[in-house]
């Protein structure tokens, strides 16, 4: 355990010298009789790129009309150090500032000598035209807009928070995000996996302490996977989940879960070679099995986790924009660890279970859970009616193996048998429903029902970025881009639950609807996702008059979507 503490401490110390945005760039403004000035004071070892410096008055670029100071040369780039003064004489202002209240926009990007590049920065100033003079306001970050206009998406605000706040506040906040995510369905697929692994390792020496230790190993490596995958994904410019959701990869991991299930049934055992077992036994009497727990924790985060939530997307946007992979990776690690806190309590609770013969039934139960997880993984690439058939068959076998035909004498055994009868009845219904083409788990015997949600909304399918860009700029109607994929579970939920709602269908009649299918994760799709700052479906982006107004990452209910898009 001590080594984990050392690793985390070293991880944190890496950021001791990193300046926050406020420390790196201090923007000021002043008004004079014949001019105004904008000053950018730079922190220690910070420099600005001259070709990234832009100044606008009422959306008109006046960068080429400003007398800039002499720049320094750094490699092949012209840069500014220490302080940059931008003087704007009244004669220039009178040419472009025709209104009483005008808007000045300043854009720049800077880096530090340590190799860190900050987000491109945008600052705004109000320019008031008075008789024979101009007055400039103090700088502010967010452009003032009508209350009905929604500019910043949730993940963008999180990315900006990463870029501007204190390092330890960032980690604490992302730990809080993780705790909130633990209250959502994101964590549910992890529970049966961890529980079955712990039960599989049970023996006479099984204890609360050891159970908690196994849970910690699982959560630690799950968190490590999120951090590593996030950093790699940012460098690739696409979601690592998109790569790992290829059909061949999904089939491979489904086979792994099937293998674990048969191991639960006692068909075979996973064991290290004898030489390694002897080495581990010498190091720790309880060491055997920890490697397997760690591997499953790592893989569970990459494959089983169904959510690409706003905190994750926000961290990825920050990493991609700045190259600060360590800070973004740390935030992802802490967020994932917070998300795994309930798993630690589950492991601790399993430690109170006393082993005995009845545990064999528990292992069989979790074996079927593993098979259910394998089917769930394959549901991303197989038609829904075939998935119903598979679950129906699994339910029948589960009822038999768990003792539906055994005699019942006690109240507990009778309750158990009643539950198994209900499971058997439901399993037969979804099996028959699947045979006749049904796709709804809640209404499997309604054979004539065809999901209206898939046909209620009319979409155009465009995957080419240039075509999307042209459509956004030229279309007179508001536009909704729907980033989706065949393997995306939450995308299916959006279609089945949110976009089947009559209120949403009615509201969407005012929009041009475009689906962007990123199932294949090819170069064109990766480019499109990168251009729109999308790190994994589902993502909904709303445009109006060629400008992005709202971005939603992950599943959203019909009620919540209406609140966001209604004026």
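Counting starts with 1 at the first residue shown.
Cβ atoms here come from the backbone N, Cα and C positions, even for glycine.
Marked as signal peptide by Swiss-Prot on the basis of sequence analysis: 1-16. Positions annotated as topological domain 'Periplasmic' by Swiss-Prot: 17-166, 233-247, 311-332, 439-567. Sequence annotations record features per position, and here Swiss-Prot assigns disulfide bond to 111-117, 186-307, 488-491. Under the heading transmembrane segment, Swiss-Prot lists 167-187, 212-232, 248-268, 290-310, 333-353, 362-382, 386-406, 418-438, citing sequence analysis as support. The topological domain 'Cytoplasmic' feature in Swiss-Prot is assigned to 188-211, 269-289, 354-361, 407-417. The domain 'Thioredoxin' annotation in Swiss-Prot covers 430-567.
Each residue in the domain 'Thioredoxin' (430-567) gets a DSSP state, and the totals come to 54 helix, 27 strand, 57 coil. Its Cβ taken as reference, residue 111 (disulfide bond) is surrounded by 21 other Cβ atoms within 10 Å in the chains shown. Distance between Cα atoms for residue 491 (disulfide bond) and residue 111 (disulfide bond): 38 Å, as a whole number. Counting residues per DSSP class in helix, strand and coil order gives 7 helix, 0 strand, 4 coil for the topological domain 'Cytoplasmic' (407-417). Residue 488 (disulfide bond) sits 37 Å from residue 111 (disulfide bond), counting Cα to Cα.
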